[in-house]
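Noted in Swiss-Prot for the protein shown:
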BINDING   21, 69, 97, 145, 319, 364, 389  phosphoenolpyruvate binding site
BINDING   21, 22, 26, 143, 144, 145, 171, 288, 315  3-phosphoshikimate binding site
ACT_SITE  288  active site, proton acceptor
C-alpha cells in the first residue's frame, strides 16, 4: 500500500501526541522488576510497547518481539535475571541485528544465554537465574539500549552493578533518562565519574507513574512548522523540563525558523522568521532525529553536515543509505563518511516526477518524509503502516491538520 499526500497552504492544529515510547518501555521493565501492582499509566499504544506488555504479562516460553529492537534488548537482560526458561525471537530483520555485546556483558554477570541459530544474533535461549557478577566494562559508543538494559537490572543483582564506559559515550541523554526513571522507582543509581555508573543492590519500589508525551513524535510537527509557509500548532502533554533527550530538538529547530512557546498543557509552535544559512550539528545524543533534520534542511535549501550518526546503520534499516537513496529521488545528493557523517553541500540532480519513498520497514523514514508533501505535492509514501511502531495515529493526526491522504497506485 502507498499513501499519496497533499498539504494545506497553512497549518493550524491541536495535536495530542502519543506517550513516550522510550519512557513507556523503561517503565514497564522497571515495574516488572519491582513486582508491584501499580502499572504505569498513559503507556504508549505503539507496536514496540504493546509487544513489551504482551511479553511481560503472558509469560510465554517463546517470545516473539517482531521488529521491536528496544524490547529485544531490554527483555534479554530482564529474562536473564528472572527465573524461567524462554526463547526470544523476532522478524527476519531483527535476526540480522547484532546483540553479542549485550549477551557477552550479561554472561559476565553470570547469565545463561545460548544462540539458537547464528552466533551473535537472535533468536536467544535464556535460562533466567540470580546473577552474582557486578562489574562490567563496555565501550561508550555501543547502543545506549545495551547500557540501559544492564542498568535497569542492576538493583536486582545480588551485588549491584558497577558499569564502566570507555571512550566517547553516545546517546548519553538516553542513559540519563534510564537513571532518572530508576531513581523515580526507588533505585540508587548514579554517575560516580564521567565514565562510571554505580547501581546499588537496592530493590525497586512500585509507585504510581504517568508517562509523558513523546518528544520524538513532536519532531515531525516541528518539521511541518519549519516547511510550511504559515503554521500554528499546539502539541499537548510535553514538558519544558523533560526527561527525554529528544526535547533538544526544539533548540535546533529554532535555528530553522520554529519558535516554541510553553503553555499549561504543552507547547505551541509558530514561525520565528529566521533560518540559518547552514546547519552543522552533532547527533550523537539525538540519533532518532537525524532523518527529520536531513529532510527538513534539504527542503529549506540549508546545507548541512551531521556527525555522530554511527548508530544509524544498525537501526530498523541502514538509515544512512536509506536517506541517500530516497533523498536522491527528491533531487538531493547526500554524501556520507566513516559511517557516522552525513552531509549535503547543495548538490542537486533532476528530481523524480512522482517520487515514491521507500520506508524499509522503518517508521522514522515514513514520518520524516511525509512532511515533504508541503514541497512535493505528488510524493507517495510506501508501506505507510510502519508508523505503528512508534506513532500509530500519525496519519490521522496529519488529516486533522489538513493534509490530504489517499491510497496511491502501486
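A Cβ is built for glycine as well, from the same backbone N, Cα and C atoms used for every other residue.
Overlay of Swiss-Prot annotations on the structure.
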residue : record                           : DSSP class
21      : phosphoenolpyruvate binding site : helix
26      : 3-phosphoshikimate binding site  : helix
69      : phosphoenolpyruvate binding site : helix
97      : phosphoenolpyruvate binding site : coil
144     : 3-phosphoshikimate binding site  : helix
171     : 3-phosphoshikimate binding site  : coil
288     : active site, proton acceptor     : helix
319     : phosphoenolpyruvate binding site : helix
364     : phosphoenolpyruvate binding site : helix
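Note: the CA-CA distance between residue 319 (phosphoenolpyruvate binding site) and residue 171 (3-phosphoshikimate binding site) rounds to 17 Å. Burial estimate for the binding-site residues (364, 389): highest at 364, by number of other CB atoms within 10 Å. Cβ neighbours within 10 Å of residue 171 (3-phosphoshikimate binding site), excluding its own Cβ and spanning all shown chains: 25. The C-beta environment of residue 145 (phosphoenolpyruvate binding site), restricted to residues of the same chain at least 6 apart in sequence and closer than 8 Å, consists of 69, 70, 73, 74, 174.
The record assigns 21, 69, 97, 145, 319, 364, 389 to the phosphoenolpyruvate site; their largest pairwise CA distance measures 20 Å. Checking each of the recorded positions 26, 144, 288 against residue 97 (phosphoenolpyruvate binding site) by C-alpha distance, the shortest gap belongs to 144. Put simply, the residue listed as 'active site, proton acceptor' is 10 Å from residue 171 (3-phosphoshikimate binding site) when counted between their Cα atoms. For residue 144 (3-phosphoshikimate binding site), the same-chain residues 6+ apart in sequence whose C-beta sits under 8 angstroms from its C-beta are 170, 171, 172, 174, 175. Listed in sequence order, the residues of the same chain lying 6 or more apart from residue 288 (active site, proton acceptor) and placing their CB within less than 8 Å of its CB are 216, 246, 364. Residue 21 (phosphoenolpyruvate binding site) is surrounded by 27 other CB atoms, counting those within 10 A of its CB over all protein chains shown.
Neighbour counts were taken at the CB atom with a 10 A radius for the binding-site residues 26, 97, 319; the maximum falls on 26.
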